[in-house]
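Since the structure comes first, as structure tokens, the remarks are kept for the end.
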């Protein structure tokens, strides 16, 4: 008799993510509510036609394009396909990058299965909005994993390419501190920077590419200035919580950004902890959360990045499901994951969670806990030596 083909639990979770991507495509495509994908897709055609990326195109889509000039090359495989096929490829691509990033983490299969399950709600939120955020999370995780493996030439690709797409992955430069090949890291960062700067020339003229780079950051800065409106979909961050609680849009970002950055960087002074994998993985978790909770551009679908960091931290604990951690887990799943979805009753969703940017609060709380642990704990004093376990897991993959 032929042997039955059975999937493992971990493989079924992969199927779940791909099924969510396919379902979201089907839902959005058949109902013609694919505005975000249209923004991304049209960037390719604007590049080859040399039309201003950052101008309004109300006949093509609502809202504006805020990604870098290299992004049309990422969209190209989807854009050149028929609309339906390209849309499906886009949704699957976002799922795959996140799945691969988590798959390559030096975790046990059980830990990776749990991590994917815990992130499933936020992945669904991001996929529903057709956003690139799952891929951004995957790129940051991949940059960390590849530095751990001594593959700086590829780690820096994800850092630099991610930066030239959506800025966030620049946080991966902090992993330079953990690199055993710092010269190689610097060299390849420079190489990939040049590559990403000139890559748009494959689609457009030098004059148009230079013009687009000059316009990109001012466009992002201009968007940031409008995010602080009390009814904006963005500003789900530390500053947004304060602004919306006090109902004061004049509260500036800079004091929070300076304080938050200092808090983020302060644990890096504990040089003796660099050799411990648990310290390094907690720094990855802190990084994933930090770039979201201190970004005025953070919105509902952005939180797949932060939540990945939350659950990476939780699953690396000696007792990940302690009573306090379960409380935090429920808080994240309910308030952050479901708080702005139809699963939350309308009288709570809009007048409370949306009004005060409460989606950010569980992640802010956990980021503060991670900071405390990074500052006070000896990462080598665990029941299981994390650095040795990580090396064994890396060798096994």
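Glycine is no exception: its Cβ is also placed from the backbone N, Cα and C atoms.
Caution: TrEMBL annotation is automatic and unverified by curators.
According to TrEMBL, the feature transmembrane segment maps to 12-29, 64-81, 87-107, 128-147, 153-178, 185-210, 254-271, 283-316, 322-344, 356-375.
For the transmembrane segment (356-375), same-chain residues at least 6 beyond its ends with a Cβ under 8 Å from one of its own Cβ atoms are 235-238, 240-241, 244-245, 263-264, 266-267, 270, 273, 279, 282-283, 285-286, 289-290, 292-293, 298, 300, 303, 306-307, 309-310, 313-314, 328, 331-332, 335-336, 339-340.
Across 12-29, 87-107, 153-178, 254-271, the stretch most heavily in contact with the transmembrane segment (64-81), judged by Cβ pairs under 8 Å, is 153-178. Nonlocal intrachain contacts for the transmembrane segment (153-178), taken as residues 6+ away from its ends with a CB within less than 8 angstroms of a stretch CB, comprise 67-71, 74, 132, 136, 139-140, 142-147, 184-186, 188-189, 191-193, 195-197, 220, 268, 274, 280, 283-284, 287-288, 290-292, 295, 305.
Among residues of the same chain six or more beyond the transmembrane segment (322-344), those with a C-beta under 8 A of the stretch's C-beta atoms are 118, 121-122, 125, 300, 303, 306-307, 310-311, 314, 353-354, 358-363, 365-366, 369. Tertiary neighbourhood of the transmembrane segment (12-29): same-chain residues 37, 83-84, 87-88, 90-92, 94-95, 98-99, 113, 116-117, 120, 123-124, 127-128, 130, selected by CB-CB distance under 8 Å and a gap of 6+ residues from either end.
Here the transmembrane segment (254-271) has long-range neighbours at 174, 177, 238-239, 242, 279, 283, 286-287, 290, 293-294, 371, 374-375, meaning same-chain residues at least 6 beyond its ends whose C-beta is under 8 angstroms from one of its own.
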